[in-house]
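Per TrEMBL, the features are:
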type     : residues : note
TRANSMEM : 374-393  : transmembrane segment
TRANSMEM : 400-420  : transmembrane segment
TRANSMEM : 426-450  : transmembrane segment
DOMAIN   : 492-624  : domain 'Guanylate cyclase'
Amino acid sequence: MTIMVKKFAEFLRRYWPRILLSQVLLAVFIMHAVGALPLQFVDRMENLAYDLRLNLTMPGTLDKRIVIVDIDEKSLQEQGRWPWSRNKLAQLVDKLFDQHHIRVLGFDVVFAEKDESSGLPNLERIGRTQLKSDAQFNALIDKIRPQLDYDQVFADSLKGRQVVLGYYFRRDGQEHAGVGELPAPAFAAGSLDDRYIGFIRANSFGANLPLLQQNALTGGHFNPQPDADGLTRRIALLQEYRGAEYEALSLAVARVALGVPRIEAGLVEGYGDHADLEEIRLGRRHLPVDDQVAALIPYRGRQGSFRYISATDVLQDRVPQGLLDGAIVLVGTTAPGLMDLRATPVQSVYPGVEVHANMIAGILDQNIKQHPPYIAAAEVVMLLLMGLLLAFVLPALSPLWATLLTGTALALVTGLNIAIWQQADLVLPLASGLLMVLAIFILNMSYGFFVESRGKRQLAGLFGQYVPPELVGEMAKNPAAYSQEGESRELTVLFSDVRGFTTISEGLAPKELTELMNAFLTPMTHVIHRHRGTIDKYMGDAIMAFWGAPLADPEHARHALEAALDMIAELGALQARFEARGWPPISIGVGLNTGEMIVGNMGSEFRMAYTVMGDAVNLGSRLEGLTKEYGVHIIVSEFTRAAVPDFLFRELDLVRVKGKDKPVAIFEPIGPAGQEGQATREELERYQAAYRLYRAQNWDQAEMQLLELQKQSPQRKLYQLYVERIAYYRQNPPGADWDGAFTFKTK
């Protein structure tokens, strides 16, 4: 026992800073869990965790019980802009009930104003004023009034049917009279003894015309209730207005569909006169709610989880018989101009009417997630267990074992949370536990910072002079994976050389020449580094660089090609600065080749360098030298071209460089395919045709096309080169077995 106490005391002496700081972190997260220290970042992460679980576990299947009759763009085009006349809506109601035998109809729209589209009010006004004494005119108005009073026509279509009208509440600070008439409340003023204080309280409303509401079965509010991040995750099933509580549209529609005459409140006694409303009872169904009497929306999937039918198709009798028999129908809109779109966890733009459909389906299926008050206590217990375990265990573990333990803890917390989510429909906090585990892990691992930083410094010493700092940082994540020992890899090498450098150097003083080279090499190096390249060496005015080592790069050929193109562009920007200083303009040639190369630290015991070597490297150097011959800035080999298939190239030639028997096709890069202009594309096609004629030894046709191209682009040396070659081959035919290659005798 004494030995164990001594060991524990030694453990505390050695690791007490980590343990103490871990306890501080644990205390912060517990205070957040009980509401004593709100952390917005943790709340945002909790919302993200909720959204992720929701998206991963949604059924994603079509629910055929609920159908949305959509006032969509098609309906607006065929039936006219919204709002439609009430007699047209009456036709819609009649067709849905009489022809399609639906069970319940809910309107996710409000009819707060009278419909005067028939012209009846104007006729009545004339009858009361200008034609007051015209008995025949007024008798005619009385006769046609039943047909032209569209509000009455609509009200007659609602009467005696299971129709739920939508309306909305306002919360704008000052209580004032609402517009229209509210339906009967779910709980009359005072019926809950004012014990529950968490209701969302409205101070006004926008409801339907009394004529319409009195003829409808009931009504429901459709107010959105977005969270702080703007996403709609819940619906307030009850809202309070002047002491009475009113149902949400989704709750009212589900209640009518189930044949339940009224809802009941599931109250749980609290402290003193306070009571918590934990659930709403709908017959035998229990709907869990939070402290604002809001229920989490059990989204089934992205938009389209319910059948959509265009409203105009119903009006035009284009809906098959039997498709809607016994269905719960919601009338709403997805037309962007009507502004009934919501941001939700499953989709950033989501129809508001489908939000209600998801809640109705959740009520029918009794699969609404619960977040009861005791969840906070469960969260505190979980945080204590995990926090204390990690605080005392992680300090003694190596980074590898600490990572494994932390990963296991994260997996256990996540797995248990998702299992409870799916099996018990409980929403347990997830982000706070995961963040606490990660925070304690990071705290402990930070004590290894100096060891890790030493490894980073060593890596920077090895490779810092060759690769850009950001790549050194990436390599530092796993220093052991990189060494300077020689190995064979497929890489891409770049050679760049200043043309006419001897002439330039003879015309400048040594100091000016040094300044010019620094002003040239620095931006060129930045370009290479920006494209993840490794500087091999500077050779006077020349640059040698490669891609794919020491950090592996599957796109090494692409990055090298993009760097070469950017070098030419950067050089153009430099010319103005050079001219301002009185320096001569600079032109460069760039050669690129891709292939197997030996890469590693090479040299002598006096000096080593991280470099590449091999035949593929030599070919890259030869290609740079050929840029002068063909009058182009960049030449790439067929191997580099094959590695970047989505670039457009001009085939320059098939060549045998000095010292090689096998010919290599060489190309000039134009740019990303599809971005070239029409003129460039046409010139390239004409050149390729001429080049094919040249390879076929059709000298006359090839020469004719090349001369035409030369007239169009006299500055392009390539066309003159081939005209001269054709003249040579006419005098010295290459023979029938000629493979089309041109052999260079010099480097």
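Numbering starts at 1 and runs along the chain as displayed.
Cβ atoms here come from the backbone N, Cα and C positions, even for glycine.
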Report summary line: Checked against DSSP, the composition of the domain 'Guanylate cyclase' (492-624) is 62 helix, 41 strand, 30 coil
**Report entry** For the transmembrane segment (400-420), sequence-distant contacts whose Cβ falls under 8 Å of one of its Cβ atoms, 6 or more beyond its ends
**Finding:** 53, 56-57, 382, 386, 389-390, 393-394, 426, 428, 430, 433-434, 437-438, 441, 444-445
Query raised in the report: Which whole number is the mean pLDDT over the domain 'Guanylate cyclase' (492-624)?
Result: 90
